[in-house]
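Annotated in Swiss-Prot:
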type	residues	note
BINDING	GLY8, ARG11, ARG91, ARG137, ARG140	ATP binding site
BINDING	GLY8, ARG11, ARG91, ARG137, ARG140	CTP binding site
BINDING	ASP21, ASP23	Mg(2+) binding site
DOMAIN	228-329	domain 'HD'
Amino acid sequence: MQIYKVGGAVRDRLLGKPVTDIDWVVVGATTEEMLAKGFRPVGADFPVFLHPKSGEEYALARTERKSGRGYGGFTFHASPEVTLEEDLIRRDLTINAMAEDDQQNLTDPYHGQRDLEERILRHVSPAFAEDPLRVLRVARFAARYAELGFKVAPETLELMRQLSESGELEALTAERSWKEISRALMEDQPQVFIQVLRDCGALKVLMPEVDALFGVPQPEAHHPEIDSGLHTLSVLEQSALHKQPLTVRWACLLHDLGKGLTPEEEWPRHIAHEHKGLKLIKAVNERFKAPKDCQELALLVGQYHTHGHRALELKASTLLELLQSFDVYRRPQRFEEFIVACEMDARGRKGLEQRSYPQADYLRGAANVARGVAVQPLLEKGFKGPELGEALKRERLKALKVYKESAAS
């Protein structure tokens with residue numbers, strides 16, 4: 001029995017990055033031998049075990065053969081005769097196909113260390129094209145290591161392009177796709193993930209609504225970058241630079257989908273793009289079964305981001321309606337995330353990344369004013385039921401009018 005550290009742990013150590021999760025591969029062992037040593041079996045499809053003390057994953061060396069469509073369409077074979085090299089060749093990228101023994105002696109049959117040094121994301125073998133999930137994984141690695149200068153090898157991008165055209169991407173489950181998308185969006189440069197998907201034709205398959213934004217112009221006076229797709233990438237980039245949560249990043253990606261529906265004769269204006277985009281945002285949300293908080297914020301930002309930009313001009317009554325749409329009294333954090341998404345939208349414009357966004361503090365102040373209206377005096381006056389709600393609304397409107405006047409003076 002020989003045990004090797006494999007995959008990401010080896011890659012990240014060689015890159016000088018912190019190693020968090022460690023995976024191990026066991027060569028020359030049987031399931032019975034692993035159980036006898038106290039390992040706990042957890043793999044449903046192939047022999048994977050948890051170490052009795054560390055809880056880390058140990059997998060028996062295995063080979064795999066394509067047997068059906070999609071991510072799960074594989075037949076696995078694990079036995080003591082499977083070599084380390086045979087196990088490593090089934091992995092996606094050369095930088096993930098290295099192994100180390102307990103003395104840190106490197107086994108690198110597919111030149112992963114060379115590709116690390118040359119900053120290349122390269123597939124290990126033609127079998128790469130058998131697993132459509134790898135398109136998303138490579139794009140995610142491109143986002144993760146963009147700051148180090150990593151690029152996807154042209155021949156790997158070509159395989160990703162073939163996969164995108166094959167129909168295999170449609171076989172991915174919503175859950176697997178969302179897992180990769182959400183992880184990619186939380187990388188330091190998530191816009192690279194979207195760009196790589198576009199470069200290989202996968203964006204057109206997975207998120208045609210986002211792909212449709214590229215080449216659609218906007219008024220240069222407001223958007224010096226002009227292209228709606230490039231603007232979306234910039235907004236997403238800003239959300240990462242400002243360390244925003246997944247909810248905000250997802251909303252930033254989807255906020256302008258309605259612009260892809262504007263007839264060419266109306267370009268570069270996009271009248272009512274907020275409302276038009278809602279059905280597209282809903283479709284993308286449902287396609288990937290995004291978490292409820294991500295779905296809700298994306299729809300609200302899509303519908304109201306122009307309100308956010310025009311906050312200083314809004315009538316007090318419109319401002320109150322905006323606050324109520326977000327249920328700001330019970331869910332203040334959601335409104336805060338909306339404000340931040342609007343600010344990222346404003347900053348995601350060429351040359352305007354550092355421009356101040358006074359609308360943010362104005363909206364926060366308005367929310368505080370509305371929340372500050374006390375209910376008790378109205379109860380003491382005898383208001384109850386629907387009448388209490390209307391009275392509370394009137395008092396909040398009065399308070400917002402005063403707030404608006406004081407902010408203008």
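Each position is counted from 1, following the chain as shown.
Cβ coordinates are placed from backbone N, Cα and C, and glycine is handled just like the others.
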Under DSSP, is ARG11 (ATP binding site) part of a helix or a strand, or is it coil?
helix
To test your reading of the CTP site: which residues beyond GLY8, ARG11, ARG91, ARG137, ARG140, same chain only, put their Cβ within 8 Å of the Cβ centroid of those residues?
GLY7, ASP92, LEU93, ILE95, ASN96, PHE141
Given a 10 Å Cβ-Cβ cut-off, pick out the one of the binding-site residues ARG11, ARG137 that has the most other Cβ atoms nearby.
ARG11
Let me know the model's mean pLDDT on the domain 'HD' (228-329).
96
Taking the Cβ of ASP23 (Mg(2+) binding site) as the centre, how many other Cβ atoms fall within a 10 Å radius?
17
Close binding-site residues near ASP21 (Mg(2+) binding site), where close means Cα within 10 Å, chosen from GLY8, ARG11, ARG91, ARG137, ARG140:
GLY8
Cα-Cα distance maximum in Å, computed over every pair in GLY8, ARG11, ARG91, ARG137, ARG140 that the record assigns to ATP:
16
Give me the non-local Cβ neighbours of ARG91 (ATP binding site): same chain, 6+ apart in sequence, Cβ-Cβ under 8 Å, ordered along the sequence.
GLY7, ALA97, VAL124
